Amino acid sequence: MNIHEHQAKAVLKSFGAPVAEGVAIFSADEAAAAADQLPGPLWVVKSQIHAGGRGKGKFKELGSDAKGGVRLAFSKEDVVKNAKEMLGNTLVTHQTGPEGKRVNRLYIEDGADIATELYCSLLVNRETGQVAFVVSTEGGMDIEEVAAETPEKIQTIDIDPSTGVTDASAAAVCDALKLEGQAREDMMGLAKILYTAFCEKDMSMLEINPLIVMDNGHVRVLDAKVSFDGNALFRHPDIMELRDTTEEDEKEIEASKYDLAYVALDGDIGCMVNGAGLAMATMDIIKLYGAEPANFLDVGGGATTEKVTAAFKIITADPNVKGILVNIFGGIMRCDVIAEGVVTAVKDVGLQVPLVVRLEGTNVAKGKQIINESGLNVIAADDLDDAAQKIVAAVKEAN
């Protein structure tokens, strides 16, 4: 689960991280009052959407010469003017896609005198199984660009879970960021704060870009992006309260009601699979044969007919879907349950696109019988390779 920048900063501040004072607003009328609460004379007006690249982004409704989603204001009048321009409009960044995201809230923040911009993030290093700091002296820009153009400027420091952040590992972070004096002293403490927050709140990613050194030598969290492990949210009702469903894909929200692992993608072949590994392999082989998956969807091992029906309806609700591949290897999951769910869903919503079904495993004969006797126009496949080729060919033929 993702949260907004102002929420992420509030979480980090509760652990002792240095952040600027700020106020979240939802209407232009609140902008002047927010500015009054902050000392000035510089304010920063920030669009709050679940996407990066806001500063370089552009609003659809404004001219090409209009400012982006993060703006400096040198008077309270400027704060109000920017708020009126930004709220309710659609911000397009490199992470939102061309459709952009509507800005429903802003964060008015006290400005800072920036001497140096750095990059600092925490995530789980899948190679070592440890939480790691990923840091760079190249802050304030897209870390993807740094990784592509100058990867040597990114350093990873793994943290031993049995010790947490020691003075030695905190010093390694400071060395990688080339910090000295007051900034180094601040970062020694901040590294421990960030690690504690990451672990205690079950975060999956914590990104600070930029982490700044101010003119007075102190460090400050200037921007913060936090994602939480969805499987651990039951332990954090305070974090659950921060969820903003207006920032989420409607299909993903619907999928969460049925405990379906669903992620919307940009392709045109819908996928319904059991098991995350098989789902990823299915997506890979679709790409191998020249097409793009429209989603990741794992129905899990204990799916019911109702759950499968819901999954199928979610896939067909995507207007970009031009074909559907159902790929089931039944171990815990029974093929007849999948078949019943598919048949029920198709009869409910109608089937306007090609459908390829590959079933193997528990009750496979019964599952195939259910589909064959349904009277539906379903293309049967014997294995994953055969299924991928058939759905790609069927979509090309239909379009």
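Glycine is no exception: its Cβ is also placed from the backbone N, Cα and C atoms.
Going through Asn274, Asn372, Asn377, Asn399 against Swiss-Prot, the one listed in the substrate site together with Gly331, Ile332, Met333 turns out to be Asn274. Here the CA atom of Glu117 (ATP binding site) lies 51 Å from the CA atom of Met333 (substrate binding site).
Of all the binding-site residues in the record (Asn209, Asp223, Ile332), the one with the smallest CA separation from Lys46 (ATP binding site) is Asp223. Around Lys46 (ATP binding site), taking its Cβ as the centre, 25 other Cβ atoms fall within 10 Å, counting all chains. Following the DSSP three-state reduction, the secondary structure of Lys46 (ATP binding site) is strand. Within 10 Å of the Cβ of Arg54 (ATP binding site) there are 22 other Cβ atoms, across all protein chains. The number of other Cβ atoms within 10 Å of the Cβ belonging to Met333 (substrate binding site), over all protein chains shown, comes to 20.
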